[in-house]
Structures are given as C-alpha cells and as structure tokens.
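Everything on this sheet refers to the single structure shown next.
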C-alpha cells in the first residue's frame, strides 16, 4: 500500500503591510499582501531539502494531501508524497498561491485597504517577477534561504524560469515543465478571446461585479471551456469523447448538449465558477502574455550560480508545444547552464504535466534524486573540510 | 493585364412556396424559401459547362466580380474569372447562399410566414442534404440538369461531398477542398464554445433578439474571434503578428489591445457583426457537427455514376487537417471512385482555400481542364455516333 501525506492544512500569512509594502516590478506598491501556502515533509536541520512548487494558472496552494472535507486530494498529489517523485520522506515541499490569485493570496478580488472595497481593475498589473518576489518573502518567513529545487508546470514552469534567471543564487535546480519563455501569437490569441468573453459579459461591470452582486459567470465559463480545448490534445479528445452522443436515448440534434465533448466542456466551465475569480483570470493570463524573460536577464548568471535545469515537454502538447521548451533549452545551454531536456510521449496534451505518466514521473524523480545526492556530497565534503580544520 | 468578370448582380428567386413547400431531410417543411445567387460566364448550348460553387460557413452568393458599391470583389475572385482556374470564358459558374444563411437565402432570421415574425429558434434544424436540395432546385430553375463540377472549401467541400454521395448522377466531378466527412471532438468543441458565447449573451433573448431590438454582438464576435484562431496556422499567426505590439508609442500592458494579434482578432469579430446573423451561425455550425455522410450513403453509387473527385488539403490546416481529407479519399477509393488527392504546402492553415496559392490553383485548373476535355470528347463521340447512324 502506498503511503500518503495524509491530512494537510492551508496556512495564511501576511508578508507585506503598510510598514513593509510590496514594491512591484512595475513600480507600484501593495500595502497588504497575504499569502496562503501548504508544506509537506520536514525541513532538514541543514535547511537544504526545500522544494518550492509553482502552480499553474488556476492552481492553488493545495498541491498534495487531504484537507478536512476534501473530496479529492491536492492537485499534484501523484507527484508529491512519501515515495513519490517529490518524496516527502526526504524533501520539505512548499506550495503557495501566487500573487494576483484568488485562493488565499492577495489578488484583484481582495479588499483594497485604501478604499475598503475590492480592488477590481484598480489592482496593479503584475509581472512574473512579482510572483517570485512574494514567494521569496514566504521562504524568508519560513527560514529557508536556498531551494534544492523550484518545480512547476505551465505558468508554474514560467515562474520557475523567472526565478532561475533573476535569483539563480537561490536555486540549486529548476524544473520547468510544459512551459514557455514567450507566448506565440496563437497563445496570446486564445487568452485574448477568453478575456474578451469575461470583459464583455454585462455582469462584469468593469470589474466591480462584487459591489454589483453579480459574477461574469457566462464569460468566465466560456473562457474556461476554450482553455480546456487547448489543454487536451486532439488525440486525447478523440479517445476520450470522439463523436459520442451524450445521451443516445433522448438527444437529437439541437442547441443543447448533443455530444459528450460538449457536456465535458460545459461541466468544466460550470465547476470553474465555484473556485475561480474572473479578475484573477484576466491578471494572470496577461502576465503570461507579456512574459519574455530572456529579453531582461542574462542566463550566464544562472550558469555562474551553478543552477541546473530540467526542462520537460510533452509530444502532444499544443498549448506550449515542445518547440517552446526547446527554445528555453537553447537559451540556457548557449549560456552553458547544465540542462537536461526530455520530451515525454503522452497522448494527453498540455494536461499531461498534471498526470501520473511513468516516464515523466521517473524523469523528475531521477533529477531530484541526483540533486539530493549532490547536496549530500557537498555536505559530506564540507563536513570533511570542517573536520580537517 | 488580367481580364476581370467585371460587374455582377446578386439575384433572388423564390424556389419553394405554400403550393410547393420544401420538405427537409428531418421531415419538417418550410413554406417559403428564397435563394440568392450569382452566375458568371455563359451556359453552353449543350448545358454541359455548369460549375456550382458551394460556399463556406460565413460565405455568400457573391463569389466573384464586383457589385455596385463593392470595396472588394467576391470572396473567391482569385479562383473564378476569365483565364482563372474556374475559367468563365469556358464555364458557367453559379454560386448561391445556402439554406439557413443570412445573405439572401431563407434562414432563421427570415420571417416565418406562419407568424409574421422572424423564425428564431423555431426555424427547423437542418442537415447537409437540405443545402443540396435547395441548390438543386435552383439549378432546375436555371434549366441545368447536370453539373460539370461542384466545387467548395470547408463547409462548402462538405456540401460537395454530400451532393456527390446523394446525387452522383448530377455531378460529373466533385472538388472537395479543406473539408471533413466527420468532425472531431476538438472541432465540435470549438463550435460548441462559439455557440455558447452567442446563446449566453443576454442580448440573445432565446433567439428573439430582433423583436427585442438587440443583437448578441458580444457573443457573435467572440465566436468569430475564436474561429479565426482556428482558421490560421500557428506559423501564419507567428509570421503575420508574432509578438508585435499594436501601438508601441502608447501601448503598455493592460486589458485592451496590447498585441497586434489582439487587434486583428477584435477587428475580425467586429466586422463580422455587420454581415452575419447569430442564429445562422448556430444552425450552420450544428449541421457541420452532425455531418457524417458515409454512415448514410454508399459511395459505390458514386463510382457507378462515373463521378470523379479531386480532394485537396493544406499541410498547415489544423481546423480540418489533412487526415480529414485522407479519410474522404480512403472512403471514396475503397468504393472505386476515381479520386485525385493533393496536399498543398501553404503556411496559411485553413484559410488557404480562399487564397491564391499557385500549386493549389494549378491543381484545380488542371482538374477542371481535364473535366472539360472529357466532356468535349463525349460530345464529339456522341456526335460521331449520331453522324454514323
């Protein structure tokens, strides 16, 4: 029987306040920033076994284990736990909701202390570097100076890349999965249509929907349905749904749910409403659109810091196709950063990064095991050095 | 200087009425059906040079030439005209708006003679066969019994396939471009999201928007923006827009139009509103979703009738990828229908079928030239036979 993390709790901490406001990369300030996070495993005495999980666009701090009342475990429970690729018997794993989110970390739906009302579109525009700033503050709060690794998929992988480029001295290893260092026109186009659906929903009220007692539910669920098409490969959709009729007994042609794929998308759109905020969707997708870190950071600093990278793509991912990962690999390698690159075979498209795919999990496991070994070698070496003094 | 068709006119004719209602494939009746159409070139004395153009989802009868006030010629003016692949010096070309459309042929926005109000969602659901029925009635009206060819791209190609399968005796040749004989789950998914955007627009009013003096403009333009992403290849979008900023002087990050690709999509969404009806969008996309003609028709009848087919796909088309065309080819060839198949190299994705791509145009030209030659051989042969009697 596989051991489990068991019960977990999401904590929340105020990391920035009026006395110590958060200064954003764009120059604006946030006077209050709360961050929600979870941890799994035990921090070693040497504080050298910490792994930070960067979540994707609609993820949250609850990456693994079960919270009270959960009907399913955290979103990456297959990856994180005792004996799992990110092995909590040996690692101390931290996951936190990102800035601009809506799952316990301050975002546009939070109360603006200057007005007592939700920020709405007065919330400042964010950059990927801001996510890193806030999560670095969390690490400082937890007494963690260095990370054995930062690990993330999709937007999370982009944050890991930002972290590696702007603060390589803090990262021994960067695991960048199904990510991109610059979105394509098509990527931006899909995001733009999703945002348009949200902002043109009359219930959006220029972002003041909470005050109006409404929610741009139609727009947000349309954005989510659309995004879901891009998360699955065409092959996966064919295998999962094909042209199957949703209810052969009663369904004839009409404008409701005729096909199973329509039922799936509608369900994804509807359930999303219960857990995600439309403004967070706008802010976070816009951060992705503008992300282009190699224009701002010299990757030679990564090589100098000794940071190593694992870059993983999936062969049927067309949201961030392998070419996006190859570009990251090229940029890092040309700066002599040690990079392992793997394109994993999987029918599941972009969603693969969330799934338990043996080759993928073993790749992450092997990379992290080797990272731990290197750390222990260093400890032994310095121990010997100290002993010989 | 290339010669042009010059000025053309869209005609309209009532083809079905209370005395001769249109009986649809689904069993329902339409008491009044008007059809708008254009013709180019001259019908030969033998009436053996007629080519019918089936238009795509949002096309219309105005395929070529200039109407009074036009700022651009018909949508397939590069394909149709004197000396062009569909050479109006030798061919008589007919193009008509399809049933359920909104450009002069009866559709859901037309007046329901039973109520005096627009049909709205009371318009009966359509099938691909209904498009063929109405266009066959137009040919009868024009005194044309047989077609040298039916030619169409995308939905138009699907109509040509339907025509070939259900009335092969009427078609000497079928030219099926960038089409599909059964949409994939992904194809249906994209259509479903577009329809959802339209139907969840509060201005849709259950299809009674005309009576309410509204138009589901937001929903319809979102559907169109989304569709446009699928019409272009990722490569074409990268070449056309890349990550270019729309207005580098004034544009910083925000939630308006930051990137050129956003400007393009928004423009496509906006201009679409001036020429297309939301209900037609629902009805026509649903016909495509359910289209699966090889389940209903035996392609051996096509072989027996002597109908030949040209099937064309484009290598970067991911709306209806080459695999869709190959499936059509496989089905026809296994029934011993003579099929020419060409996958054309083009960066422009699905939109390629509308563009002037040399290899593509020459392929269509050669096929149609050969078709004309065969007709003349038949005429000469029967002339000789008659002469020898």
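A Cβ is built for glycine as well, from the same backbone N, Cα and C atoms used for every other residue.
Going by TrEMBL, these are the annotated features:
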ACT_SITE  A:154  active site, nucleophile
ACT_SITE  A:317  active site
ACT_SITE  A:350  active site
BINDING   A:224, A:351  substrate binding site
DOMAIN    A:50-355  domain 'AB hydrolase-1'
SITE      A:319  site 'Important for acyl-CoA specificity'
Checking the recorded positions A:154, A:224, A:350 against residue A:317 (active site) with a 10 Å Cα-Cα cut-off, in sequence order, leaves A:350
The rounded CA-CA distance in Å from residue A:351 (substrate binding site) to residue A:319 (site 'Important for acyl-CoA specificity') is 9
The most crowded of the recorded positions A:319, A:350, judged by neighbouring Cβ atoms within 10 Å of its own Cβ, is A:350
Between the C-alpha atoms of residue A:319 (site 'Important for acyl-CoA specificity') and residue A:154 (active site, nucleophile), the distance in angstrom, to the nearest integer, is 9
The sparsest Cβ environment within 10 Å, among the recorded positions A:154, A:224, A:317, A:351, is found at A:351
Per DSSP (three-state), residue A:351 (substrate binding site) is helix
The predicted model's mean pLDDT over the domain 'AB hydrolase-1' (A:50-355) is 97
Between the C-alpha atoms of residue A:154 (active site, nucleophile) and residue A:350 (active site), the distance in angstrom, to the nearest integer, is 8
Residue A:224 (substrate binding site) -> DSSP, reduced to three states, gives helix
Cα-Cα, residue A:224 (substrate binding site) versus residue A:350 (active site), nearest Å, comes out at 15
The residue listed as 'active site, nucleophile' falls, by three-state DSSP, under coil
